[in-house]
Amino acid sequence: TAGVYLLIRFNVLLIDMFFFKMLLLLSGLTMFMAGISANYEFDLKKIIALSTLSQLGLMMSILSMGLPELAFFHLLTHAMFKALLFMCAGVIIHMMNDNQDIRFMGGISMYIPMTSLCMNISNLALCGIPFLAGFYSKDLILEMVSMSNLNMLIFFFYYFSTGLTMFYTIRLLMYLMINDYNLFSMYNLYDEDYIMLKSMFLLLFMSLVTGSFLMWMIFNYPYMIYLSFNMKMMVMYVSLIGMFMGYLISNMKIYSLNKFLVTYNL
């Protein structure tokens, strides 16, 4: 993030350089590969870290297209919900007795409802669900990409990475919230960490409000974005496809660690 901020500060020096074209390609690849890697991870912290890497690739690529205000806006909104996400993951890992494998977790929302609420809302803000924080920046970024004169590869990188974001988010949600508690015997689930909960609720409020608020604060002129209806709705299409695919993949009971549950009825 510090490197992104530094490049945002120095963007006038770098504009129209060949470096920016290289940066666009590299950050598009970063988005793409981090999104793919997050789909195959079972470590809770590693999934969130790879998702952060994917968002950093998004910031760098929109910066290398010459839109620094937009990159800064996405940096700020992403800071809100990703900080909340990391705090929720830290609380969950702490309550799981320092165990980070998401295959051991499941049905968490029955035991720690407040932490799960914060986790889910920040995850959905990361996906770009409309009118949460991530929607404003991500939707504006993708519409500016649709407006600009770029080739199919960059376009594919942007939209496919957005779909992959939805993919690993729904996968995380299914693994953590939907199943029953996965019989991991040493667990310490309580929802009474009030110091964490106070700051988490503050960040929750920020990740609801800060998208529209910052958009109103830092853009001194409105972007005129003129697209057809399908191009406008492309973000929503990609998100819905990603949500559906993530649901389907998480429904396959391939990777469950406790195979003995199959013989439980016996």
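Quick reminder: no glycine exception, Cβ is built from N, Cα and C everywhere.
Taken from TrEMBL, the feature domain 'NADH:quinone oxidoreductase/Mrp antiporter transmembrane' covers 1-162.
Sequence-distant contacts of the transmembrane segment (12-35), counting only residues of its own chain at least 6 positions beyond either end whose CB sits under 8 Å from a CB of the stretch, comprise 50-51, 53-54, 56-61, 63-66, 153-154, 157-158, 160-161, 164-165, 167-168. What TrEMBL lists as transmembrane segment is 12-35 (among others).
Marked as transmembrane segment by TrEMBL: 79-96 (among others).
According to TrEMBL, the feature transmembrane segment maps to 117-136 (among others). Residues of the same chain lying 6 or more positions beyond the ends of the transmembrane segment (117-136) and with a Cβ under 8 Å from any Cβ of it are 51, 55, 73, 77-78, 80-82, 84-85, 87-89, 92, 109, 162, 165-166, 169, 172-173, 176-177, 200-201, 203-204, 206-212, 214-215, 235-236, 239, 242-243.
If you look up TrEMBL, you'll see 156-178 (among others) marked as transmembrane segment. Below 8 angstroms of C-beta separation, residues 28-29, 31-32, 35-36, 38-39, 44, 47, 50-51, 54, 57-58, 61, 92, 102-103, 105-109, 116, 119-120, 123-124, 126-128, 138, 141-142, 145, 234-235, 238-239, 241-243, 245-247, 249-251 of the same chain, each at least six residues beyond the ends of the transmembrane segment (156-178), sit close to that stretch.
Among the features that TrEMBL reports, domain 'NADH dehydrogenase subunit 5 C-terminal' is placed at 168-261.
Packing against the transmembrane segment (199-219) from elsewhere in the chain are residues 69, 72-73, 76-77, 80-81, 83-84, 87-88, 91, 114-115, 117-118, 121-122, 125, 131-137, 140: each is 6 or more residues past its ends and has a CB under 8 Å from a CB in it. The feature transmembrane segment is assigned by TrEMBL to 199-219 (among others).
TrEMBL lists 225-249 (among others) with the feature transmembrane segment.
Long-range neighbours of the transmembrane segment (225-249) within the same chain, counting only residues 6 or more positions beyond its ends whose Cβ lies under 8 Å from a Cβ of the stretch, are 39, 127-130, 138-140, 142-144, 146-147, 159-160, 162-171, 174.
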